[in-house]
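This report refers to the structure that appears directly beneath it.
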Protein chains: 2
Amino acid sequence: MFLYSEKIYTPQGFVKGYIKIVDGKIHGIYEDTEGKFIDYKDKVIVPGFIDIHIHGWATGSFWYEGTEKSLENMSKELVKIGVTSYLATTGTDALDYIKSHLVSGKAAIDNWKPEKGSQVLGFHLEGPFINKEFKGMQKEEHCINPSIEILEDFFQSGGKENVKLITIAPELEGSLEFIKYVNKEGIQVSVGHSAAEFEDIRDLKDYGLGGFTHTFSGMRGFHHRRLGVAGAAMYFDDMYAEFAKQTGKTVSHEAFKIMFKLKGPEGILLSSDSTGLAHVKEPFHHYIRKCTFRPDGEYVNLVYDEGISERINKYDYEKVKNLELSYLDSVKNIINNVNASIGDIAKIASENPAKYIGVYDKKGSIEVGKDADLLVIDSDWNLQDVFLQGIKQELD
Amino acid sequence: MFLYSEKIYTPQGFVKGYIKIVDGKIHGIYEDTEGKFIDYKDKVIVPGFIDIHIHGWATGSFWYEGTEKSLENMSKELVKIGVTSYLATTGTDALDYIKSHLVSGKAAIDNWKPEKGSQVLGFHLEGPFINKEFKGMQKEEHCINPSIEILEDFFQSGGKENVKLITIAPELEGSLEFIKYVNKEGIQVSVGHSAAEFEDIRDLKDYGLGGFTHTFSGMRGFHHRRLGVAGAAMYFDDMYAEFAKQTGKTVSHEAFKIMFKLKGPEGILLSSDSTGLAHVKEPFHHYIRKCTFRPDGEYVNLVYDEGISERINKYDYEKVKNLELSYLDSVKNIINNVNASIGDIAKIASENPAKYIGVYDKKGSIEVGKDADLLVIDSDWNLQDVFLQGIKQELD
């Protein structure tokens, strides 16, 4: 198959040509072709987004449901917002809860095929090795110190090869040994939900701390004599700062812009940290949205603090997709806020995440030999078409 | 008179040549010359430092003594640490106290000549229009709202033309009117000792807020949803961030480095905020130094919190010069911390301060027509010679 565009974004810049796709991979970008091709004319082709921090989205929630079906639902919907691969992300819960989710997650990974939508690349374990003091929306009673033994149990459940990223609070006892072990296994470590001091990060980073989870949120903040985790994220050029969906509410657009200026597009990772809010299993109050989500069978009831209520079928994509800002809308917000170029977005949404979790040999850019995970967009970043390993996806 | 150097730093970069000085001004930089010249060979010639925020230094304190003599003492010593001009800086005190100081200051300005040492360029009024909540070492009972009437009294005492810079807390009532008035008079305004929100700065800056006084200290700190004054200093490229002497104690070197990276050398102003600690009039506890300064006639007694005491003659330069980090040592710290180039230092210590207070037509760079305020340094920034309007200064 051939796709033609005047503007194909590659790590070397824009090229014009025909992308040849063979067996789901990019075979080459050619100046000329024979036979059939899809003519995207002046539409832009960019690599698909990789969401390394996502618990749920729209009609599925791996965090709340933890079933193979929940990931299948997520995969089906995620392509509609440009996410062509992701890490199924666990939370800080009871160990058995996490393990059973990892078992289901492994099945979803093993049974995935491009026709199912966005690819589950593996797991991001957000805790349970995090600090109660900065638990955010995680559960205090399940915050525990890093443990290699527990991690090995997780490996048993989900497959060692599937664990790509772990968020920990590196000030907790046992962290150094844990970080060394995890680093040796080729697994990335992010600092998050952490009360660490700047000096803790400085002393531990070279053992294998690669970046920061939802930067600024759930971490010790910046002070000019006590820089904290936020200051470390600002200071260390060789560590990535992950930002969850840029609504401007959790992290102000100005704070994001300061970090973007400090680190440049090379140092920012965009994620969503979406949870699939429609699928909560017990009433959940969202302090940013000022709304309580109440489960009710096939429905979720939203009870806003201000008094209004709303009832939504949790499998109705058109309804639930508006419960959390989409990855694509987050991209659009960033473009407006920092005047990001297409290349900047390709870095923060595709290249950097792929490099961070060690899949850049297969994903994250439009290059020969890589998976043909492609977005066709117009000049306003509206999705025209999405390809997953060369398979055109259903967007409606 | 001619000075020769292989490395003369100008805004266009380094040049090799003979600086011709006529009537205290730079007449030109020539490739060749006839007759006598001072041969500085491979020594570097840079513009003299301009300290826009200094209350006192070594054997004199304008803040504590407020006499013409105090400024003469300061001028005599400041050339020894590379400062060739400065703003005599008042504090937040009783109005009559400030006014009598301004009267003495005006006399010092009027009677100054190059043989006396560092030139008093005018005044920096640090308050009294500041916020009690962030008073720092200023006096709470004298913090008042901005008042044009009071400012006009200050003009009467010190000469309107001598007031170059005012530090205010722009969230205080009356600020907008005050800023507009001051801006019309061509006087610069810095934000300091301020509880302002980011949004206050955003809304007022274009009326005439040029920068931030001792950035990070005495201001509402940074939070990612409430950026405060510190966040405004990080965010607004068109506002200068002043940093008082970089000891690493008041503002950590890492926090300075973050700001240096954000704003670049174009956006940083170096000052000292030295007070002439030997000259306190009543016991004063320094919370950073953990020491109480007690006046005792010609002497000052230092009583350290840890129990040790020290007695120093307050007019013995060799003793008192060590009470506060010198401007030159601050420069050396910055070079070590951010790997600043000679050009970076020329910007933050000479060019930017001169531009900020509106004297760049006469000071702040080595250019034809400007005052010959020059430092001759070796490659480690040790002062070899200092010229003030072409007059070689006594450094020992």
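Positions of Cβ are set from backbone N, Cα and C atoms, glycine also.
Automated prediction, rather than curation, is the source of TrEMBL annotations.
What TrEMBL lists as domain 'Amidohydrolase-related' is A:44-380. Under the heading Zn(2+) binding site, TrEMBL lists A:Glu126, A:His193, A:His214. Residues annotated as active site, proton donor/acceptor in TrEMBL: A:Asp273.
For A:His193 (Zn(2+) binding site), the Cβ neighbour count at a 10 Å cut-off comes to 28, with all displayed protein chains included. Counting every protein chain shown, the Cβ of A:Asp273 (active site, proton donor/acceptor) has 22 other Cβ atoms within 10 Å. The residues near the Zn(2+) site, meaning same-chain residues not in A:Glu126, A:His193, A:His214 whose C-beta sits within 8 angstroms of the mean position of the site's C-beta atoms, are A:His53, A:Gly127, A:Ile130, A:Gly136, A:Gln138, A:Thr167, A:Ser190, A:Gly192, A:Thr213, A:Ser217, A:Gly218, A:Asp273, in sequence order.
Mean model confidence of the domain 'Amidohydrolase-related' (A:44-380) amounts to 97 (pLDDT, 0 to 100 scale). Under DSSP, A:Glu126 (Zn(2+) binding site) is assigned to a strand (E or B) in the three-state scheme.
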